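Trainee: Pasting a structure below so you can have a look.
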Amino acid sequence: MSKKLYIKTYGCQMNVYDSVKIQDLLYPFGYESTEDIKEADIIILNTCHIREKAAEKTYSELGRIKKLQNTRKQEGLNPAIIVVAGCVAQAEGEEIFSRTPYVDIVVGPQSYYNLPELISKVVRHEKQLIDLDFVEEAKFDNLPEQLYPQGASSFISVQEGCDKFCTFCVVPYTRGAEFSRSVEQVYRESLKAVSNDAKEIILLGQNVNAYHGKGPKDKIFTLADLLKCLAQIPNLARLRYMTSHPIDMTDDLIKLHGTEPKLMPFLHLPVQSGSNKILKAMNRKHDRDYYFNIINRLREARSDIVLSSDFIVGFPGETEQDFEDTLDLVHRVKYGQCYSFKYSPRPGTPGAIRTDQIPEHIKSKRLTILQQELATQQLAFNQSCVGSTMRVLFDRDGKFEDQIIGKTPYMQSVYIHNPNKSLLGKIVDVIITKAALNSLTGEIL
């Protein structure tokens, strides 16, 4: 009889990728995934530490799991093994056992390949096991081959960690220094994904355009080199990459957006602020003019490219003028979609110890104003697509029985009616008939 594995994933697409790899890792040991936490023999929370709210969600969920464990005991059932993985595990370590002593395993994002051994120790009645080692090479060398097909769109991790040390960010402390997988590893995993019917590959990294992996004859490949290599894979239709840092947008990568048709005309390029003063305080290593120059060059290379970004409001010391500078940047760039957040002090980061923290009510007010402007731009872009024909990759079911959902080249969700689901996994021409803030509606030509 198979054992059941339940994984709840928080945060970024890298965590989504890691969760898939954990499934692949534990499958040979008899664990099959379930979406029902009540039947799980192992419960894994793959956590995010980028903001305080995200971290506290972990502890709230652990509280609910404790109640589930108590119910099991009352019914005479064995309790599940509880694992806290990911960036909260890396950042808080032993503190997790102090706050939630019923947790069995704490494992960092570079160490989860040791989960089979850690789980076997818990089965042998060892408790409160922790593994937070930072050996990036070991993680990638021990990743299993893809067992669970990800569908029409497949995420592949090519780079982890960050050397930029932005003063608001915990990534260098939870994911470590920048490390890139070899070209051979990435190419082999990409071939496997395409053999499992993936039409699109999305390359992942905390700072993906800093990729510098070893290729044939020990040549160092840039991200542009890697993309050119992957573009040669037969039956692969689309390539994307995320998340990028403006300082690593090299000439060859910018030019590739104009020459490689498989590279989609959509780029997530976080700027965080439009104020030079705040950019310097954040240690972003560039100013607003540098960012504008990158945007202009991308649009010169490919005129139909659409941009996305991240913004943080209320960073310590942010004045009304600094915030106005951010709004000005948004107005000038004109984004297709964006993500925006209030600054959240993270323990251990330089921003957290600054004495000029912004009051919450001011942060909330600024976030509302910014999000209204970003929503206006996103809706305008979506509405501009009505009446046009777009190539859509259908990759998942909709809420309704005869509905499926796909993605345009610009990462917009498109809903259509397809009663027999025959278009799942295919790229087809769709005429856009309706636009909303977060989605499009279309019809097959």
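Each residue, glycine too, has its Cβ placed from N, Cα and C.
Quick paste from Swiss-Prot:
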- CYS12, CYS48, CYS87: [4Fe-4S] cluster 1 binding site (BINDING)
- CYS162, CYS166, CYS169: [4Fe-4S] cluster 2 binding site (BINDING)
- 3-124: domain 'MTTase N-terminal' (DOMAIN)
- 148-380: domain 'Radical SAM core' (DOMAIN)
- 383-445: domain 'TRAM' (DOMAIN)
Trainee: Fewest neighbouring Cβ atoms within 10 Å: which of the binding-site residues CYS12, CYS48, CYS162?
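Mentor: Among the binding-site residues CYS12, CYS48, CYS162, the lowest count of other Cβ atoms within 10 Å belongs to CYS12.
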Trainee: For the binding-site residues CYS87, CYS169, which one has the sparsest Cβ surroundings, going by other Cβ atoms within 10 Å?
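Mentor: Least crowded of the binding-site residues CYS87, CYS169, by Cβ count within 10 Å, is CYS169.
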Trainee: Looking only at C-alpha atoms, tell me how far CYS12 ([4Fe-4S] cluster 1 binding site) is from CYS166 ([4Fe-4S] cluster 2 binding site), rounded to the nearest Å.
Mentor: 17
Trainee: Please report the DSSP secondary structure of CYS87 ([4Fe-4S] cluster 1 binding site), reduced to three states.
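Mentor: Assignment for CYS87 ([4Fe-4S] cluster 1 binding site) reads helix.
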Trainee: Express the distance between the Cα positions of CYS166 ([4Fe-4S] cluster 2 binding site) and CYS87 ([4Fe-4S] cluster 1 binding site) as a whole number of Å.
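Mentor: Cα-Cα distance, CYS166 ([4Fe-4S] cluster 2 binding site) to CYS87 ([4Fe-4S] cluster 1 binding site): 17 Å.
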Trainee: Please spell out the DSSP helix, strand and coil residue counts for the domain 'TRAM' (383-445).
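Mentor: Result for the domain 'TRAM' (383-445), in helix, strand, coil order: 2 helix, 33 strand, 28 coil.
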Trainee: CB neighbours of CYS166 ([4Fe-4S] cluster 2 binding site) within 10 A?
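Mentor: Cβ-Cβ neighbours of CYS166 ([4Fe-4S] cluster 2 binding site) within 10 Å number 22.
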Trainee: Over the domain 'MTTase N-terminal' (3-124), what is the model's average pLDDT?
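Mentor: Mean model confidence (pLDDT) across the domain 'MTTase N-terminal' (3-124) is 91.
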Trainee: Rounded to a whole angstrom, what is the C-alpha distance between CYS48 ([4Fe-4S] cluster 1 binding site) and CYS162 ([4Fe-4S] cluster 2 binding site)?
Mentor: 16
Trainee: For CYS12 ([4Fe-4S] cluster 1 binding site), which of the three DSSP-derived states applies: helix, strand, or coil?
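Mentor: For CYS12 ([4Fe-4S] cluster 1 binding site) - judged by DSSP and reduced to three states - the answer is coil.
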Trainee: With the [4Fe-4S] cluster 2 site defined by CYS162, CYS166, CYS169, which remaining residues of that chain have Cβ atoms positioned within 8 Å of the Cβ centroid?
Mentor: LYS164, PHE165, PHE168, VAL170, VAL171, PRO172, GLN206
